[in-house]
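Going by Swiss-Prot, these are the annotated features:
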{"type": "ACT_SITE", "residues": "E378", "note": "active site, proton donor"}
{"type": "BINDING", "residues": "H116, H118, E122, H161", "note": "Mn(2+) 1 binding site"}
{"type": "BINDING", "residues": "H317, H319, E324, H363", "note": "Mn(2+) 2 binding site"}
{"type": "DOMAIN", "residues": "73-236", "note": "domain 'Cupin type-1 1'"}
{"type": "DOMAIN", "residues": "270-414", "note": "domain 'Cupin type-1 2'"}
{"type": "CARBOHYD", "residues": "N228", "note": "N-linked glycosylation site"}
{"type": "CARBOHYD", "residues": "N247", "note": "N-linked glycosylation site"}
{"type": "CARBOHYD", "residues": "N254", "note": "N-linked glycosylation site"}
{"type": "CARBOHYD", "residues": "N265", "note": "N-linked glycosylation site"}
{"type": "CARBOHYD", "residues": "N367", "note": "N-linked glycosylation site"}
Amino acid sequence: MKFGSALVAAVAAVAGVAAKDYGGVPGQPIQKSGKGAVFSGATNPQLDLQNPSNINGQPATDIGLVPNLKWSFSLSKTRMFHGGWIREQVISDLPASHDIAGAQVHLTKGGIRQMHWHRVAEWGYVYAGSILVFAVTEDGQYQIDKLTPGDIYYFPKGAAHSFQGIEDENEVLVAFDEGDFDKIGYLFPPYYSNINLQLSNAFNYRTTFQVAEWIAHTPQDVLAKNFNISTGGTFDKTKSNMLEIINSTTSTHNVTGPNGALMGNSSYTFHIRDAPEIQVPGGGGTIQIVDSKNFPISKTIACAIVRLKPGALRELHWHPTAEEWLYFHSGNARATVYVSGGLSRTFDFTAGDTGVFPDNAGHYIENVSEDEDLVYLELYKADRVADVSLSQWLALTPHDIAAAAINVPIDVIDKLKKDKQYIIQ
């Protein structure tokens, strides 16, 4: 059964996705071989077209039941405020993501992400507009820095921080080193010996602590004593309304303090100009790495910013240190994940998608577009970016052993490159 490329392009255009001809019928469970049949019941045509690897484009090498490893921010509930919005991907959205949760935070000009802190570390990547970052350490050191597209911040667990939008529209990818970011923690009363009584009488608390909420729940006479001010209703307008974003005007004030500003290895911010693009040996794109080697404070989240040329392949590899959490910024991708036990599954990704590859699972990522670069971020709950290349491993193993292991002629192994290619054109 043959179907013209014009049909492929037409139906893909309806869904707003890149056209790639996998054969069969686009958007239908009919493969090139003739296997399958049309959908006769309810279905979502746009989702079907965006995920050909589930239907007509499903590789024959996909075997077994592999859990869903993909989420789209477009499926997340958006919390809207005067001054911006937030939408998250947490473990209830993507249960396979144990290490990292993510969010998109949008601020209008002057919009402030409320002063707060977390019981986990927060990492952020600016991809639209620019922001002012404000932070204070337990030692009274402070930081005020302007971040523009590509720049990164990292706030350790418990660090006091906030940020404000500077341009008309500003947006940040935020990640936390805890997949179950919104989980409720418990403080157990010590006077119950029975665990059921402890659970029923536990005090719950969440991951984020907000300054305005804390002040609103503190007696005013205590606030007056703490801040050395009069008790004349100063904090009457401080509300416990959990506003994560508030509207304001762009800050023009500077700050000085006796313990000085955060600088050097202690800085909470990183400017992407300090991580030049690496032109990889494979010639298929570039990689920028930001981890504790060049951003020392970022001890629990490491990042690689990857750009693949049209048709390029992020080579077959795995990561020895952690799960890989992904955010796709632009373009269209295809990836097959091998999770051992003979199980593998292929996924399609587009801009705004997140994904996770299980700890040490083998995989590749391919740019399926013919004319658009693929740009995505790899994040790890680790202090460094690390991967093991399958091709390099085979090339650096005695060639007769490697050839026997995968049952290929030895000259196939002889031709493999001994340096890591990263991205292959």
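Glycine is treated like the rest: Cβ placed from N, Cα and C.
A quick note: this is a predicted structure, and the numbers were derived from the prediction, not measured.
Comparing Cβ neighbour counts within 10 Å across the glycosylation sites N254, N367, the minimum falls on N254. Counting every protein chain shown, the number of other Cβ atoms lying within 10 Å of the Cβ of N247 (N-linked glycosylation site) is 15. Cα separation, N228 (N-linked glycosylation site) to N247 (N-linked glycosylation site), rounded: 28 Å. Helix, strand and coil content of the domain 'Cupin type-1 2' (270-414), in residues and according to DSSP, is 22 helix, 64 strand, 59 coil. Around H317 (Mn(2+) 2 binding site), the same-chain residues six or more apart in sequence whose CB sits under 8 Å from its CB are G362, H363, Y364, D387, V388, S389, L390, listed in sequence order. Fewest other C-beta atoms within 10 Å: among the binding-site residues E122, E324, that description fits E122. In sequence order, W318, F357, A361, G362, E378, D387 are the residues of the same chain, not among H317, H319, E324, H363, whose CB sits within 8 A of the CB centroid for the Mn(2+) 2 site.
Residue pair N254 (N-linked glycosylation site) / H116 (Mn(2+) 1 binding site) shows a Cα separation of 20 Å.
Each residue contributes its Cα atom, and for E324 (Mn(2+) 2 binding site) and the residue listed as 'active site, proton donor' these two points are 6 Å apart. All protein chains considered, the CB of N265 (N-linked glycosylation site) has 9 other CB atoms within 10 Å. Excluding the listed site residues H116, H118, E122, H161, the same chain places W117, F155, A159, A160, T208 with Cβ atoms within 8 Å of the centre of the Mn(2+) 1 site Cβ atoms. Put simply, of the recorded positions H116, N247, N265, H319, E378, the one whose Cα is nearest the Cα of N367 (N-linked glycosylation site) is E378.
Spatially close to H161 (Mn(2+) 1 binding site) yet at least six residues away along the chain are M115, H116, W117, E122, V133, F134, A135, V136, F155, Y268, judged by Cβ distances under 8 angstroms. Checked against H319 (Mn(2+) 2 binding site), the recorded positions H118, N247, N265, E378 differ in C-alpha distance, with E378 being the nearest. H118 (Mn(2+) 1 binding site) sits 22 Å from N265 (N-linked glycosylation site), taking the CA atoms of both as reference points.
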